[in-house]
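Chemist: Once you've had a glance at the structure underneath, I'll fire off some questions.
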């Protein structure tokens with residue numbers, strides 16, 4: 001009974017916003033003080049730049065006053081990237097086309113989240129497993145198994161091939177998976193297609209944040225990173241809109257899956273003209289190419305300083321280009337990996353998928369029975385939150401957005417619990433439930449969604465960034481699966497009120513975790529962050 005209920009849940013509306021995004025199926029709505037613990041006493045410190053600008057040759061060895069992670073006043077460090085002192089700053093523009101091409105992968109992620117929502121009934125009927133919730137759940141959830149494997153494998157691919165080639169290789173299973181699914185005439189074929197798609201999506205959820213963090217200028221790295229979330233939102237909306245004819249045409253699902261292959265071809269062709277990460281180019285000895293990329297994307301004045309920083313960090317690492325998984329057990333990589341994994345655990349167990357699942361019932365209670373209208377309302381709220389994050393990420397900083405986001409999510413959950421627990425006018429109770437649901441989705445999209453995917457690669461070292469992100473995203477997929485497996489049973493056993501109260505409590509715990517254990521990274525280059533967190537590099541700086 002519980003197994004069947006869990007499988008049914010996997011086929012219910014649960015949307016997500018990337019890398020960081022929950023990724024259970026996003027169905028059209030209406031259709032059907034840790035501080036004292038020794039292990040977590042993470043001595044993560046960033047150091048402020050001196051007012052005097054050091055000469056280029058000493059840029060990598062400049063001494064920076066330490067900034068403790070748990071100092072309340074540490075959220076707004078001065079930018080070390082220069083920046084515009086006034087007027088319109090277009091420093092993001094040269095990197096934007098490359099970021100846009102990479103973000104097509106997150107658009108494809110969002111599209112695949114939504115594409116199976118409405119058509120799953122038609123697929124089940126045509127392929128002969130209609131009325132079997134276990135099989136329907138398997139068709140949807142095998143995506144997660146592929147994504148887990150893709151996330152784990154991405155780090156090694158990036159180390160050896162670089163981001164650009166990995167994008168092109170990774171797109172192959174995405175295209176093949178879409179085509180195999182579209183042509184499926186049996187259960188085995190649709191399962192194979194969905195697994196291939198999941199494999200590609202798993203690589204992309206790791207790859208896109210790494211690529212954007214490494215090619216974006218320091219002063220706008222956060223804002224450009226938020227484009228990942230916007231791409232996912234647009235992908236979900238596009239799949240829901242294109243899926244409308246499936247209500248009348250039982251074979252429309254094949255067209256939808258053929259369409260899913262088109263962005264893959266755009267990514268392969270677009271990456272031919274995109275740049276590779278200048279950090280990876282420098283690591284594999286292509287310093288001339290790295291200089292050219294930096295000059296084109298960040299400006300000629302940044303070349304010497306950036307190359308000095310790259311080489312200072314690379315010299316401290318081991319000679320091999322490819323990192324090893326065992327290095328995750330070494331400091332400071334272990335601390336960052338634990339933080340990354342914890343952030344994704346908290347993000348998933350704060351309940352985004354559960355809230356989206358029950359939002360369909362909430363909208364129906366107030367008379368919104370049109371699935372497309374309800375989905376549009378949720379999608380626009382999600383998109384509005386992503387746009388706010390785009391504006392706030394580099395002005396308010398990651399830490400402040402993350403803490404504020406989780407506090408807002410907790411308040412939204414407690415508002416819904418109040419609405420369903422106390423004797424109120426029925427219309428007022430339903431209105432408060434709608435307000436709480438939309439407030440939760442909006443605040444998630446402003447902080448907990450995008451910040452989690454941005455800050456983990458920022459805290460990771462150049463050598464281990466791929467492995468740390470792969471580990472963190474694999475934790476994400478495991479937690480995603482567990483939430484889908486047990487959520488329905490928990491709500492049936494304890495009631496929606498208790499489960500939502502639990503989501504609110506976990507959101508508060510997440511805000512406390514972010515306040516004490518997350519350092520602010522805005523306005524600092526990735527090398528500056530790495531040199532600040534790595535005691536070995538600090539020792540070399542003092543020796544020099």
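These residue numbers are counts, starting from 1, taken along the chain as shown.
From the backbone N, Cα and C atoms, a Cβ is placed for every residue, glycine too.
Bear in mind that the values here come from a model prediction, so they are computed numbers and not experimental data.
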Chemist: Check each of the ranges 500-519, 520-539 against TrEMBL and return the one annotated as transmembrane segment.
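Modeler: Here TrEMBL associates transmembrane segment with the stretch 500-519.
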Chemist: Of the ranges 161-181, 224-244, 287-307, which one does TrEMBL list as transmembrane segment?
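Modeler: Of the candidate stretches, TrEMBL labels 224-244 as transmembrane segment.
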Chemist: Examine the ranges 76-94, 95-113, 114-132 and name the one recorded by TrEMBL as transmembrane segment.
Modeler: 95-113
Chemist: TrEMBL tags one of 191-212, 323-344, 345-366 as transmembrane segment - which one?
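Modeler: From TrEMBL, the annotated transmembrane segment range turns out to be 191-212.
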Chemist: Short question: most Cβ pairs under 8 Å with the transmembrane segment (95-113), which of 134-158, 256-275, 401-420, 432-456, 468-488?
Modeler: 256-275
Chemist: Mark yes when the transmembrane segment (134-158) and the transmembrane segment (401-420) have three or more Cβ pairs under 8 Å (sequence separation 6 or more) and no when they do not.
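Modeler: When sequence-distant Cβ pairs are counted, the transmembrane segment (134-158) does not touch the transmembrane segment (401-420), since fewer than 3 lie under 8 Å.
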Chemist: What else in the chain is close to the transmembrane segment (134-158), if you only count residues 6 or more beyond its ends and a Cβ gap under 8 Å?
Modeler: 3-4, 6-11, 23-25, 112, 116, 120, 123-124, 166, 169-170, 187, 190-191, 194-207, 210, 280, 322-323, 325, 465-471, 473-474, 476-478, 480-481, 484
Chemist: Tell me, please, if the transmembrane segment (371-392) and the transmembrane segment (191-212) are in contact, taking contact as 3+ Cβ pairs under 8 Å between residues separated by 6 or more positions?
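Modeler: No, these stretches are not in contact.
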Chemist: Rank 191-212, 432-456, 468-488 by Cβ pairs under 8 Å to the transmembrane segment (224-244) and hand me the top one.
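Modeler: Maximum Cβ contact count belongs to 432-456.
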